[in-house]
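Report on the following structure.
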Protein chains: 2
Amino acid sequence: MKKSFLLVSAWAVWSVTAFAWSFEPLPDVPPIPADNPMSAAKVALGQQLYFDKRLSVDGTISCNSCHTVMGSGTDNRPVSVGVGGKKGGRNAPTVWNSAFLSVQFWDGRAATLEDQAKGPIVNPVEMGMPSPAEAEARIRAIPGYVSQFEAVFGTQDPVTYENIAKAIAAYERTLLTPHSPFDRYLKGDKTALSEQALRGMKTVEKIGCTACHTGPDFAGPPMPMGQGFFQKFPIFVDHNPYVAKYRLMEDDGRFNVTHEASDKHLWRVQTWRNVALTAPYFHTGSVPTLDEAVRVMARSQLGKTLTESEVQDIVAFLNSLTGEFPVQSMPRLPQTPNRTLTEK
Amino acid sequence: MKKSFLLVSAWAVWSVTAFAWSFEPLPDVPPIPADNPMSAAKVALGQQLYFDKRLSVDGTISCNSCHTVMGSGTDNRPVSVGVGGKKGGRNAPTVWNSAFLSVQFWDGRAATLEDQAKGPIVNPVEMGMPSPAEAEARIRAIPGYVSQFEAVFGTQDPVTYENIAKAIAAYERTLLTPHSPFDRYLKGDKTALSEQALRGMKTVEKIGCTACHTGPDFAGPPMPMGQGFFQKFPIFVDHNPYVAKYRLMEDDGRFNVTHEASDKHLWRVQTWRNVALTAPYFHTGSVPTLDEAVRVMARSQLGKTLTESEVQDIVAFLNSLTGEFPVQSMPRLPQTPNRTLTEK
């Protein structure tokens, strides 16, 4: 009873805060699940796995192939290219700051980064491994991995699909881009945003974008991990030329997960962080530029046709959400042993 | 006259040294061409280009895709997979320590790393760009690259195919693996090699491997840059079961470059540095393990069938040539601009 009272109070406080101050800087640390604490060794292991193409059936695709950490955290393609040149069904979302999202994938079918990491490895059009067991066997055959799993997880037979996913998720929780001009502005540097970006910032509030694109990652209000913030897209479909032009309704979205009619065309609200780097846009990847994405959203979600200067102001604001990408070391991937080698 | 006398003298001194001491540690610095001096900014630019898939026609392949610097500097495949899943004709040689080689490619068709870098970008089964001009245009369209080319090369219109190759080659000249057990042994640490490795070291001299696999990279005696050290492979073909089994003579090797009959089945002598990491072996990539590669070489080049303990000793020695891989920063790749973005 007491607990639920506290939760209600916290909600009320949050609501008031949210109305008082729509904009929040990116926190320094993301939520960390209790069952997957961070450690430097785990992050280092996860980084190796993230870049390791041996987790794909034919050794050509790693997590990084589609979620490129040297760049935008996406592959900047409409849809990704998986094993054997196969095309994915939806645009690859960015891995940068994905640790702040309360659900993963466009349709929210994974509650955590751990669950997300288990998907592409065995997806036939992505990394194409026939089963989790075969992915484990690949990694278990590499002594340089086994010793790390033992050190990190400390259990008997630690090379499990669960632990592969945990290590990858731990690495992904380090992929944060703080100190964007927007964050610096919020923290007191009033010169960090141009006049145009400031106009854009006011416009997105005024016209209603921030009703959904709120919170520190602009992907919705804070939610318990695993409980996503979904919205219908597109809402305004009548006489909306973008629906056909960009194939916005060919995919049923969250309905494919829940099979509930009310979830048709519902999608996780996307982050605005680094959105200027992640073209092309939407689940279709069919919209090539950010200004066009702004026009499509205003028309489809708010029923508004923006002036060209409003579009450019918003684009300037969205550009101010490009953060600082941390310097990382390049991993060394442990060697697949030549089984006849007897020496290190 | 005086100069040529000095050169002859230097050669004589080298010959004596070589005979007196077959084994040499890896030098700290490789040869640097006078027209492509090293600089930190050039290396950083080259590293970005090396990892940039936008230098391939469909954006799926970078230099690193086949010459993986997070690993062995190869892709550990028989032959590489290029754009559209196309297969290459020969096994990808390692990029590590390639700066010490006097010619590049299996058939020595490139004199320098600069020349080598120009090949795969426009090779239809590798990165598949239609022309050098189109590769230049790709890079020239990325402002974050243009500013770096201007800073590094300081010329008008510096984004040229020549300069792309120069930057990549400069980066590759940093990819050195010193401090192998073998190098530490030569420099005085007599515990660096096991008894077995020491036996292998004596065996490769005794049976004649080091007649060709000499010099600090074991790829032949020091040669002027561009003048390769080529040998026929296989030499002993009668009753040699490996010739058919591993398809050793289906490719004419250097003959394809010179069209001289005497160059049939001539190949650049391969480096032994990190050879334990670069399976599968030979231009065919048809030999999966290092011990089998040792058997094939002894039979095919020296007409010898080794005992199993000789094979294992040599493998132990070859393992001692695995060096230390330097820690590198991961590059940030400059963004392909959304042409409508007006702000940074």
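Yeah, the Cβs are placed from backbone N, Cα and C, and that goes for glycine too.
In TrEMBL this protein carries:
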BINDING   B:Cys63, B:Cys66, B:His67  heme c 1 binding site
BINDING   B:Cys209, B:Cys212, B:His213, B:Met297  heme c 2 binding site
DOMAIN    B:41-150  domain 'Cytochrome c'
DOMAIN    B:195-322  domain 'Cytochrome c'
SIGNAL    B:1-20  signal peptide
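TrEMBL feature annotations superimposed on the structure.
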{"residue": "B:Cys63", "record": "heme c 1 binding site", "contacts (Cβ under 8 Å, 6+ apart)": "B:Leu49, B:Tyr50, B:Phe51, B:Leu55, B:Val95, B:Ala117, B:Pro120, B:Ile168"}
{"residue": "B:Cys66", "record": "heme c 1 binding site", "contacts (Cβ under 8 Å, 6+ apart)": "B:Thr74, B:Asp75, B:Ser80, B:Val81, B:Gly82, B:Gly88, B:Ala92, B:Pro120, B:Glu126"}
{"residue": "B:His67", "record": "heme c 1 binding site", "contacts (Cβ under 8 Å, 6+ apart)": "B:Gly73, B:Thr74, B:Asp75, B:Ala92, B:Pro93, B:Thr94, B:Val95"}
{"residue": "B:Cys209", "record": "heme c 2 binding site", "contacts (Cβ under 8 Å, 6+ apart)": "B:Met297, B:Ala298, B:Gln301, B:Leu302, B:Ile314"}
{"residue": "B:Cys212", "record": "heme c 2 binding site", "contacts (Cβ under 8 Å, 6+ apart)": "B:Gly220, B:Phe229, B:Gln231, B:Val269, B:Gln301"}
{"residue": "B:His213", "record": "heme c 2 binding site", "contacts (Cβ under 8 Å, 6+ apart)": "B:Val204, B:Ala219, B:Gly220, B:Val269, B:Trp272"}
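Residue environment of B:Met297 (heme c 2 binding site) contains 24 other Cβ atoms, counted within 10 Å of its Cβ in all protein chains.
In this structure, B:Cys212 (heme c 2 binding site) belongs to neither helix nor strand by DSSP; it is coil. Other than B:Cys63, B:Cys66, B:His67, the residues of this chain whose Cβ falls within 8 Å of the Cβ centroid of the heme c 1 site are, in sequence order, B:Tyr50, B:Ser62, B:Asn64, B:Ser65, B:Thr68, B:Asp75, B:Ser80, B:Ala92, B:Val95, B:Pro120. Across the domain 'Cytochrome c' (B:195-322), mean pLDDT in this model comes to 96.
Chain A comes within the C-beta cut-off of under 8 angstroms for none of the binding-site residues B:Cys66, B:Cys209, B:His213. Listed in chain order, the extra residues whose Cβ falls within 8 Å of the Cβ center of the heme c 2 site residues B:Cys209, B:Cys212, B:His213, B:Met297 are B:Val204, B:Gly208, B:Thr210, B:Ala211, B:Phe218, B:Val269, B:Trp272, B:Gln301. Each residue in the domain 'Cytochrome c' (B:41-150) gets a DSSP state, and the totals come to 50 helix, 4 strand, 56 coil.
Across the residues the record lists as binding heme c 2 (B:Cys209, B:Cys212, B:His213, B:Met297), the two Cα atoms farthest apart are 12 Å from each other.
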